[in-house]
Amino acid sequence: MYTLVLIRHGESLWNRENRFTGWRDIDLSPQGIDEARAAGKALREQGFEFDLAYTSVLKRAIRTLWLIQEEMDLMWIPVIRTWRLNERHYGALTGLNKIETVEKYGEQQVHIWRRSYDIPPPAYTPDNLDNPSYHRRYQEIKRSDLPMTECLKDTVARFIPYWNDEIAPVIRSGKRVLITAHGNSLRALVKHLDNISDTDIPDLNIPTGIPLVYELDDNLKPVRSYYLGDEEKVKAAMEAVKNQGKAK
């Protein structure tokens, strides 16, 4: 039996402002810092230990990991950062307020952009200054691999091969792994682990800063999974994520 823990980063400044963030490198809000520390404390109090951590190359996930490591006195464990764990790329929606976008394009269209499996938002133009190929952190990556927009299907396509080739073998070797990432990169992994259909995946919402624990069998198939937190608070947090793109 193997144990894997997934955590979506704590609330970011743009989560608080209800803006599409994607690959924009936005930091944690004060509440997000508190969420990350609370996650680390909960993991420590429940006796969890980790040998290795994976995260994205975006500071909201990295800082969440730092705060968890600090709370658990695990600053020393190896950390692997990879763009393949980045949030889904929101293309031309990046930076826009979700409610204002609903008012402009309609709730149904925004829901499709946010939650459909295979329909991406409008793409960045190549000359956009947020084009990932302009950023030093992505210079070692082939330009053809860097997205200008993504749907969840695209996020699955870049993350799950990395899971199969890099992370899964480490877990099978007996290492206890922690992954701090983003709402959609974690939705991609949960879809894979739980074999969620393309039709049902739009209904999956992952709250910020709450550890999601998986107990996996020898084939890395889930035996059970659960959030490490008060059940009602978890449900309320999921509902809040669900309602981010709804007109008020």
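Glycine is no exception: its Cβ is also placed from the backbone N, Cα and C atoms.
In the three-state DSSP classification, HIS9 (active site, tele-phosphohistidine intermediate) falls within coil. Residues or ranges marked as active site, tele-phosphohistidine intermediate by Swiss-Prot: HIS9.
Annotation comment: Swiss-Prot describes GLU87 as active site, proton donor/acceptor. A 10 Å cutoff on Cβ-Cβ distances gives GLU87 (active site, proton donor/acceptor) a total of 26 other Cβ atoms nearby, all chains included.
Taking a C-beta cut-off of under 8 angstroms and a sequence separation of 6 or more, HIS9 (active site, tele-phosphohistidine intermediate) has the following same-chain neighbours: LEU28, GLY32, ALA36, ARG60, ALA61, ARG63, THR64, THR180, ALA181, HIS182, THR208, GLY209. Taken from Swiss-Prot, the feature substrate binding site applies to 8-15, 21-22, ARG60, 87-90, LYS98, 114-115, 183-184.
Look at Swiss-Prot and you will find HIS182 tagged as site 'Transition state stabilizer', backed by sequence analysis.
The CA atom of GLU87 (active site, proton donor/acceptor) is located 16 Å away from the CA atom of LYS98 (substrate binding site).
DSSP assigns LYS98 (substrate binding site) to a helical segment in the three-state reduction. Highest local Cβ density among the binding-site residues GLY22, GLY183 belongs to GLY22, counted as other Cβ atoms within 10 Å over all protein chains shown. Within the set of recorded positions (ARG8, LYS98, HIS182), the lowest number of other Cβ atoms found within 10 Å of a Cβ is recorded at LYS98. Packing around TRP14 (substrate binding site) is summarised by its Cβ count: 19 other Cβ atoms lie within 10 angstroms of its Cβ, all protein chains included.
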